[in-house]
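These come from TrEMBL:
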TRANSMEM  A:56-76  transmembrane segment
TRANSMEM  A:88-106  transmembrane segment
TRANSMEM  A:118-139  transmembrane segment
TRANSMEM  A:151-176  transmembrane segment
TRANSMEM  A:196-214  transmembrane segment
TRANSMEM  A:226-246  transmembrane segment
TRANSMEM  A:252-270  transmembrane segment
TRANSMEM  A:282-303  transmembrane segment
TRANSMEM  A:309-327  transmembrane segment
Amino acid sequence: MNVTAARLGLLGMLLSALLLTGIGTGSSFLGPDRVIAALWGTGERMDMVIVWTLRLPRVALAALAGAALALSGALLQRATRNPLAAPSVLGITDGAAVGVLLFLTISSDAANHLTVPVAWQPAFAGLGATGFALLVLLLGGRHRADPLRLLLYGVALAALAKALVVLLLIVGPVYRASQALIWLAGSVQAAQGRDVVLLGSVLGLSLPVLILLARPLDQLRLDPDSAFATGLPVAAVRGAALALAVALAAGAVSVAGGIGFVGLLAPHAARLLFGSRAAPQLIGAALLGAAMTTGADLLVRLAFQPLEVPVGAVTAALGAPFFLWLLNRRGDPHA
Amino acid sequence: MRHVLPLSFLVVALAVLSLHLGLRPTGPATVWQALWGEGQDAAELIVRGLRVPRMALALGVGAALGVAGLLTQAALRNPVAEPGLIGVNAGAGFAVVLALSVWQVGNLGLLTLCAAFGALTATALLFGIAGGGRSSAGPLRLLLSGVTVAALLSAGTQVAIILDEKAMEDLLFWLSGGFADRPIAALDPALPVMIGAAGIAWFHASVLDVLAADDETAQALGLPVVTARIAILGLAALLAGTAVAVAGPVAFIGLGAPHLARAMRVTGHARLLPLAALWGAALALTADILARYLIWPGEAPLSAVTALAGVPLLLALLHRRAPA
């Protein structure tokens, strides 16, 4: 336990360093001391403006989106007992994108102005994500013994969602298709304080549920029969975990687009580092996910500035080979 | 022959129909005049300049994709396989985007070559990763690996597009897949490759028959299974790659056409292959016609139309087949 705590602490420090570097890096570089001073509100006025209005929203959004997606993936993998499950693999990300575009299409007037508050956007993302998640789970649920089939249903429904997205892009008011495409690919470049607050509150609201779920999730790792024998309401726990996973993914997608493979990669890395117990694995996954997206965003800004390469492209480039390895390694896929 | 003739009639009827329908429907008389006359009337120009090229591209690309799908399914012994799903289209797409943006290739023949090369590379990559040479690699596993390879290649394509803002519009249009507003000259270098690859496959139809059985039978009959499988997949990649070079990535036609061909209760790939080509052309023409009406008065992207029709088929196939 002490080892785990020490590792979590180290990871937290690493994440803080990444966040400080991320906030400090840009067209004018700020050292960590100046960043911290500005965050405390004691820095120079220019530094404060740069940090609070330009850099912090983007970095914070990247970190929060990574944490939300990682938690979503960890919950999905536990609830479906499928090590390859993740929001992007199961079509949940694309379902959320359909919801967002549907919202933009039906709630815009002729001049492309929204007629309802933008705060409704995540609700529609959640609706789309829930719809597609339910479809995938209903179709794939019949084949419990066959984890790969569930994923293929996800792939098929993701293809359907992508087609709907393309159609909505054309008929809808998102006339700047290239911008929408960047958002769909997962991007935090246009982050605003509003987005950070929104995703932060989704994460904050999910925290108590996560704490309540930690013990039952540990019991769920046993096979369903023994879990049931211990008096665990298996279906309820699984349903709550799935609902939470869908909500977290929808929140992340509605503000940061489809950043892929973080939800797959981070839970596995967390399992390797912190073991299979729910509490440390979930905390570790959230920290790792945040570190991954923050790092990917930093990489994008350092390597491609002034071009805006979507973060999702970087996470896909890193995550896809890992998924291939996971899929094709010899031995038990249920590890 | 029993099925080829009626199916050919269907394809011809669809082709003729596609000349008449659109935002401004034209009567048969106008179409006839446009085809054989020299008139400069707006309706005639639309038929001659827009609809005839679309029809020709749909015919060629659809047939190529249908055959590519049949070959892929036979070689991988997997009814759910399709060039678009296993990442072959994405490989061709990545190669073309690289060729256009990084190497500034303007020559259509060279571009076709790049697309074919990209498709072959993606196939080889998938083979290497998922061990497609072993029959023990489960069909679902192979498919998922292909999907992931496609995701990886699409990420590369995205970066390449964003790095080259000048060509972004063109690249995005090309990547959307479809037959409208594309240069018909692209068919010139592609058609010989398509016909050649399909012809070679047709002459070796017996190999396909044996390969589609099981490995033991194939080996007992003296067939070098792995070599044959690689050769067939290579032909499929050539067909799919050149199709992508012409019309951009179009998915699900390669999935649907072979199944429609098999549904006609024909045995033997020598007979299945022409049927798959005809069904591919018919599906492409139908999708192209539907694309004109789906979001009237706008034009829907072809890939969206094929996905809307293809995903239910994919779901049904997944539902029906025995576990991997």
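Just so you know, glycine gets a Cβ as well, placed from its N, Cα and C.
Looking at A:56-76, A:88-106, A:118-139, A:282-303, the range that has the most CB pairs within less than 8 A of the transmembrane segment (A:196-214) turns out to be A:56-76. Same-chain neighbours of the transmembrane segment (A:252-270): 61-62, 64-66, 68-70, 72-74, 76-77, 83-89, 93-94, 96-97, 99-100, 121-122, 124-126, 129, 182-188, 191, 195, 198-199, 280-282, 284-286, 288-289, 292-293, 310-312, 315-316, 318-320, 322-323, 326, counting only residues six or more beyond its ends whose CB sits under 8 Å from a CB of the stretch. For the transmembrane segment (A:226-246), the partner stretch with the highest count of Cβ pairs under 8 angstroms, out of A:56-76, A:88-106, A:282-303, is A:56-76. The list of residues near the transmembrane segment (A:151-176) in space but at least 6 beyond its ends in sequence, with Cβ under 8 angstroms from a Cβ of it, reads 82, 84-85, 88-91, 93-95, 97-98, 101-102, 104-105, 108, 112, 128, 132, 135-136, 139-140, 184. Within the same chain, residues 7-8, 11-12, 14-15, 18-19, 21-22, 25-26, 58-59, 62-71, 73-75, 188, 210, 214, 259, 262-263, 265-267, 269-270, 273-274, 309-311, 314-315, 318 sit at least 6 positions outside the transmembrane segment (A:282-303) and bring their C-beta atoms closer than 8 Å to a C-beta of that stretch.
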